[in-house]
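What TrEMBL records for A:C80, A:C85, A:C121, A:C125 is [2Fe-2S] cluster binding site.
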Amino acid sequence: MTQTDTLAQIRAIAMSHAQAEGPLLPLLHAVQDRFGHIPAEALPEIAQVLNISDAELRGVISFYHDFRDAPPGRRILRLCRAEACQAMGAPALIERILAHLGLERPGTTDDGALTVEFAYCLGLCACAPAALLDGLPLGRLTDAALRTALEEPQC
Amino acid sequence: MLTLYLPRDAAALAVGANAVARALKDEAARRGVEIRLIRTGSRGMAWLEPLLEMEQEGERLGFGPLAPEDVPELLDNFDTHPKSLGKIDEIPFFNRQTRLTFARCGVNDPLNLDAYRAAGGLNGLEHALRLSPEEIIRDITESGLRGRGGAGFPTGIKWETVYKANGTRKYIVCNADEGDSGTFADRMLIEGDPFLLIEGMAIAARAVGAARGYVYLRSEYPQAHATLSQALQIARRAGVLNRAFDIEIRLGAGAYVCGEETALLNSMEGKRGVVRAKPPLPAHAGFLNCPTVVNNVLTLAAAPTIMARGAGFYRDFGLGRSRGTIPVQIAGNVRRGGLFETAFGMTLAELVTDIAGGTATGRPVKAVQVGGPLGAYFPPYKFTTPLCYEAFDDQGGLIGHAGMVVFDETADMLALARFAMEFCALESCGKCTPCRIGAVRGTETLDRLRAGDPAARPLIEDLCETMREGSLCALGGFTPYPVLSALRHFPEDFTPVQEAAQ
Ligand SMILES: Cc1cc2nc3c(=O)[nH]c(=O)nc-3n(C[C@H](O)[C@H](O)[C@H](O)COP(=O)(O)O)c2cc1C
Ligand code: FES
């Protein structure tokens with residue numbers, strides 16, 4: 001994709017949301033759905049279409065945990081570390097998983113295969129510990145089950 | 001033909017419901033048996049998921065928790081299968097409930113509007129459309145319904161305020177941000193009976209004169225998002241939603257504080273999810289400065305029952321000033337976790353011991369956190385507390401969204417107190433200092449306590465008081481609940497390391 005294509009797409013996404021009541025969050029979600037993150041070159045386009053300042057836009061994007069400023073890995077694993085999952089051993093599980101992946105903290109593996117993020121409750125608290133892998137829920141998680149899920153081909 | 005029901009609720013999917021569905025279809029095809037597999041919401045018995053149901057002579061028989069390997073033997077012989085649970089209605093966890101809001105959840109295809117109607121759906125809205133706004137508000141007020149999002153504010157009064165507020169444009173905003181750990185009732189309802197929420201919002205719209213509704217749904221719930229999007233389309237096609245009232249979904253973006261109603265409104269307006277000072281109340285100046293009802297999913301979903309069956313019917317359940325039913329969510333380290341809808345008034349002991357069956361690990365229960373990350377930790381000697389707003393208030397706790405997280409004796413209460421501070425620091429919107437700075441200092445001070453600094457203890461108590469008194473919203477204001485309750489009820493976990501070693 002060329003730079004001009006990207007800009008044209010971002011502009012089109014921005015325009016398609018411009019008339020909504022409170023358009024910015026749906027717009028940012030749409031951009032991230034399309035590109036996996038909010039590309040830096042999107043910012044001036046969005047600011048211009050919505051007639052807001054660059055500072056305001058950056059302020060909003062940085063406020064929300066969901067929005068990324070860099071492309072994620074090919075798969076995204078969100079590990080829950082909230083209380084119900086803690087009660088079922090999530091802290092130790094998370095530590096082992098990160099070590100297995102060669103990560104010190106949440107982030108993307110060197111080969112770009114996987115991005116690990118922390119989540120604070122996924123609503124799966126009665127089958128803790130829980131995670132979301134590319135949006136698919138995983139519960140009663142064990143090391144083995146998680147490794148298997150990560151090795152399965154992406155659907 | 002065999003009619004089978006299997007949930008596609010996120011919790012069922014999380015433990016392999018789709019693999020069971022595939023195994024059922026493959027095995028049935030291999031044998032040339034015709035089956036009809038209906039995907040449903042969940043009954044809320046999470047420990048039995050994936051929970052398959054079979055219809056037999058008008059009864060539902062349950063089988064679970066199923067693995068794909070169980071399927072061939074199951075098709076050989078349903079009656080004597082080791083995972084047979086008998087009649088669903090007779091499972092004690094299920095038959096001890098009073099299911100009003102969740103009556104339909106898990107029974108049928110959540111997107112089948114005809115089935116919804118056949119089970120009494122839309123009766124409440126049809127009744128409401130025959131009433132004046134004042135009459136609807138009177139019924140909601142008389143039912144005693146209080147907000148299920150946490151603060152327990154009387155719903156009738158909120159609707160009346162919006163109804164009487166000046167303004168031609170008014171909004172219904174459904175708070176489906178459900179950020180509290182240990183809670184999943186909103187998610188289950190949206191995935192299992194989305195038309196009930198739509199009906200409830202339409203009733204609220206009729207009562208206050210709103211033409212537009214929004215559901216602010218957290219992004220951590222992709223399955224609920226998909227189901228609700230489809231349900232809205234179906235409701236539109238059927239005319240349940242129309243030009244007079246329509247609903248749109250707004251996705252959150254991973255900020256816990258956006259569950260707080262004013263931060264939520266800012267977020268919907270495309271701003272940082274910063275808490276607004278009140279007044280003005282959202283009921284006077286909410287979304288885009290217009291009068292706005294902000295209600296939790298379960299509050300709105302209670303309205304159809306009240307409309308269809310009467311204020312008195314609903315009010316007759318409950319205890320004191322806590323009327324109706326509350327869907328308790330039992331989670332964490334429990335043998336039988338899930339959703340248990342009951343009239344207010346059951347004690348924690350009944351819920352933890354009888355209903356949940358103690359811990360999953362089999363070790364003694366050490367603590368139960370009620371009401372999410374801002375809720376207090378209860379030690380076993382306080383389990384006689386009945387679940388209702390007033391009793392919890394008296395005990396220095398809160399019901400919140402009625403999540404209960406159970407911990408066994410291995411829980412480290414100092415680590416949990418520290419997590420409460422860490423979470424507050426991470427999620428603080430930054431507007432007020434006690435929350436923004438206090439939570440960071442709280443984390444550090446608890447680390448000092450862990451390292452053996454005896455001066456840290458009075459500091460923590462003092463800091464908690466500052467946060468409680470000085471924070472703008474309950475994020476900073478209630479974080480002291482888990483911290484101080486852990487400190488008071490489990491002092492042994494806070495003994496500095498050196499002292500403990502002596
Ligand atoms: C930090 C914080 C988080 C909150 N999160 C939620 C939430 O996720 N869902 C919810 O319904 N209410 C939440 N609330 C309560 C809302 O501010 C508000 O009271 C509620 O949505 C009103 O609806 P109700 O009257 O139906 O309970 C939260 C409050 C605070 C202070
Ligand atoms: S606490 Fe982990 S899913 Fe709710």
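Easy rule for this one: first residue shown is 1, then count along the chain.
Each Cβ is built from the backbone N, Cα and C atoms, and glycine gets one as well.
Scoring each of the binding-site residues (A:C80, A:C85, A:C121) by how many neighbouring Cβ atoms lie within 10 Å, the top position goes to A:C85. Contacts of A:C125 ([2Fe-2S] cluster binding site) defined by a Cβ separation under 8 A and a same-chain sequence distance of 6+ are given as A:A82, A:A84, A:C85, in order along the sequence. Following the DSSP three-state reduction, the secondary structure of A:C80 ([2Fe-2S] cluster binding site) is strand.
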